[in-house]
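Notes to accompany the following structure.
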Amino acid sequence: MTPEKRAAYWKANVRLLVILLFIWFIVSYGLGILLVEPLNTIHLGGYPLGFWFAQQGSIYAFLVLIFVYAGAMNRLDKKFDVDE
Amino acid sequence: MTNLDIWTYSVVGFTFALYIGIAIWARAGTTGEFYVAGKGVHPVANGMATAADWMSAASFISMAGLIAFEGYGASVFLMGWTGGYVLLALLLAPYLRKFGKFTVPEFIGDRYYSQTARIVAVICLILASITYVIGQMKGIGVAFSRFLETSYEMGLYIGMGIVAIYAVLGGMKGITYTQIAQYVVLIMAYTIPAIFISLALTGIPLPQIGLGGNYAPGDGTMTLLGKLDQVVTDLGFREYTTAVMGSTLNMFVYTLSLMIGTAGLPHVIIRFFTVPKVKDARYSAGWALVFIALLYTTAPAVGAMARLNLIDTIQIGPVGAEDGNLLYEERPEWFKKWETTGLLQWEDKNEDGRIQYYDDTNPEFAEKAQSFGWEGNEMVTVDRDIMVLANPEIAGLPNWVIALVVAGGLAAALSTAAGLLLAISSAISHDLLKGVFLPGISEKNELRAGRISMIFAIILAGYLGLNPPGFAAGTVAIAFGLAASSIFPALMMGIFMKKMNNAGAIAGMLSGITVTLLYVFQHKGIFFVPGTDFLMPELGMGEDWFFGISPNAFGAVGALVNFVVAFIVAAVTAPPPDHIQHLVEDVRVPRGAGETTGH
């Protein structure tokens, strides 16, 4: 593997991480903590929305993030021919 | 023997027989099997084992109680203990699996080409794991003494015996397969009562949906959470869905500390060394979170519904009405049962023979309470930990469900204890013995040493369970604080910063630990010695003086200090040698993970 290709693979990986961790931050710290008051004026069924993000929604989002990451990395590994 | 006793003995006996059967089937023959289950565990199976490993007696027994009494504020635990898996999956697990060794200190020692770094990591690991294991041992003792009518000590000995059989015999291999069985037991025990209770209160079987449903026993137009907010504020308590813990900043930092602490706990990280490929490590973290989320998304419903049930039991009519409160003489059976344990206590302060349960620390409510003739909250003790255990009784569920909850609590405690004991024993036999003192030790002898240090760790944990140090409750902050302020930053920089060197990493770890420990010790006493807390009042550093952050939430600050110090020191010292930079490049690429398993 050439150093250029190696660097490109790593750069693509870090880019993906930054995007996913941004979402990770928004759903938990953003919607669940910092913006909880305004969001609570909106309701999701019987849940105030901010409360729902803090106690349910963020956990579902974490799950989706990990599986999206695993799937995207698999494709990236194949694209750069570094898969096992 | 009552019907309940027969159920409890049968269910617990059956599960224990199952664990031992699995242990005999999954004996370890090599160090690879003993430390990392031969790296042959299917990612879904590993996810399930990780979930059982992670969810301790605290998750199973205490968390729903915390949620019940803290309301929204307890979200820090829900987000913190699940969001850490995102960090683990994205930032650590795949790379550490690629590295392909047996323990966390081994990575730190190799990556920072330093035995000092390895020993610092071993010390953090052992301290964090031991403080954790004390809680599990206590959980086992309490579950036995409360439900099987043995003494606390006898319960502890039985628990130690069971763990000893399968952990010493099977190592990581035996532990992994018993943890899978334990997961099944604990998740059934948690969700079945929750479904019954959700059905009773909302008519919706799924607790996750039921919590957002309408309160069925009323006229059916009010939401469950709206009803709960109303009944708690009517009694002077803070509104359930908005009550913050400390301040918004404290909740923010607390959540962050728990997340990075979770990602840095060695007994969780080593679970990802057991899967065959890097790809499996990524998916396995996802599966672990699936299995954890089953319990963690159920817990908010269990907490909220338990709180509502508790208040409904006591406040039977309008607040302030003469016959609005339950007569003590008419208290239900479960109430009496928990009173005998001392975890529920009533004191008739206004001598009216009725139970008043309200927030007497709320000055705005004091006048109202006085006009009702109430003279203080009479539920002087409501231990949070009884919520999950008493829930099936409060809801009037059949005896087999109660028996299952006991087996579930034991499964949660046993599975976590075993994982922690393995992390401790592999740090001793692999990192200290083989890595530092006896590098030439044969594999057979190392395996034997691993088993002996496992026995030693079990005896130590048992001893601490029998003689819990007075500071046991305060040490949870230490376990997460150490993992967050030392291990997580060291691992992350080891992977993401090629130029991070030995001096930077060691200085970072030591300063992160120091800052965290100083803050905790200042609040809880130097080495938890009573009377040594807040020694210098003239400095004006009172309770939570640092921006209102509580000591339990301080790990994130320690981690920040670690990062900053490491950056500065690394910038002014020599960069790591070429072979280390190559090691980092190699860790970043998945291909070749299989080759390094020969050890």
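Each Cβ is built from the backbone N, Cα and C atoms, and glycine gets one as well.
Record features (TrEMBL):
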- B:6-26: transmembrane segment (TRANSMEM)
- B:75-96: transmembrane segment (TRANSMEM)
- B:117-134: transmembrane segment (TRANSMEM)
- B:154-171: transmembrane segment (TRANSMEM)
- B:183-204: transmembrane segment (TRANSMEM)
- B:251-273: transmembrane segment (TRANSMEM)
- B:285-306: transmembrane segment (TRANSMEM)
- B:400-428: transmembrane segment (TRANSMEM)
- B:449-466: transmembrane segment (TRANSMEM)
- B:472-496: transmembrane segment (TRANSMEM)
- B:503-521: transmembrane segment (TRANSMEM)
- B:545-572: transmembrane segment (TRANSMEM)
Between the stretches B:6-26, B:75-96, B:503-521, which one has more Cβ pairs under 8 Å with the transmembrane segment (B:545-572) than any other? B:503-521
Surrounding residues of the transmembrane segment (B:154-171) on its own chain - C-beta under 8 Å, 6+ positions past either end: 16, 19-20, 22-24, 26-28, 33-35, 37, 137, 140-145, 148, 177-178, 410, 413-414, 417-418, 421-422, 450-451, 454-455, 458-459, 461-462, 465-466
Given B:117-134, B:183-204, B:285-306, B:449-466, the one sharing the most C-beta pairs under 8 Å with the transmembrane segment (B:400-428) is B:183-204
Sequence-remote contacts (6 or more beyond its ends) of the transmembrane segment (B:449-466), Cβ cut-off under 8 Å? 31, 34-35, 130, 133-134, 136-138, 140-141, 153, 156-157, 160, 163-164, 167-168, 171, 417, 420-422, 424-426, 428-430, 433-434, 441, 472
Thinking of Cβ pairs under 8 Å, which stretch from B:75-96, B:285-306, B:503-521 has the most of them with the transmembrane segment (B:117-134)? B:503-521
Report, as numbers and ranges, which residues of the same chain sit near the transmembrane segment (B:503-521): CB under 8 Å and 6 or more residues beyond its ends. 108, 111-112, 114, 116-117, 120-121, 124, 474, 477-478, 481-482, 484-486, 489-490, 493-494, 527-528, 532-533, 546, 551, 554-555, 557-559, 561-563, 565-571, 573
So which of B:75-96, B:251-273, B:285-306 is most in touch with the transmembrane segment (B:183-204), counting Cβ pairs under 8 Å? B:285-306
Spatial neighbours of the transmembrane segment (B:251-273) far in sequence, C-beta under 8 Å, 6+ residues away: 35-36, 39, 46, 49-50, 53-54, 73, 75-77, 79-81, 83-88, 91-93, 96-97, 100-105, 125, 128-129, 132, 172, 244-245, 281, 284-285, 288, 416, 419-420, 422-423, 426-427, 479-481, 483-484, 486-488, 491, 549-550, 552-557, 559
Cβ under 8 Å to the transmembrane segment (B:285-306), counting only same-chain residues 6 or more beyond its ends: which ones? 43-44, 46-48, 50-51, 54-55, 59-60, 63-68, 71, 74, 78, 81-82, 85, 88-89, 93, 183, 186-187, 190-191, 193-194, 197-198, 201, 207-208, 210-211, 224-225, 228, 240, 271-272, 387-388, 390-391, 394
Should anything in the same chain at least six residues away from the transmembrane segment (B:6-26) have a Cβ under 8 Å from its Cβ atoms, list it; otherwise answer none. 147-148, 162, 165-166, 169-170, 173-174, 176-178, 181-182, 185, 399-400, 402-404, 406-407, 410-411, 414
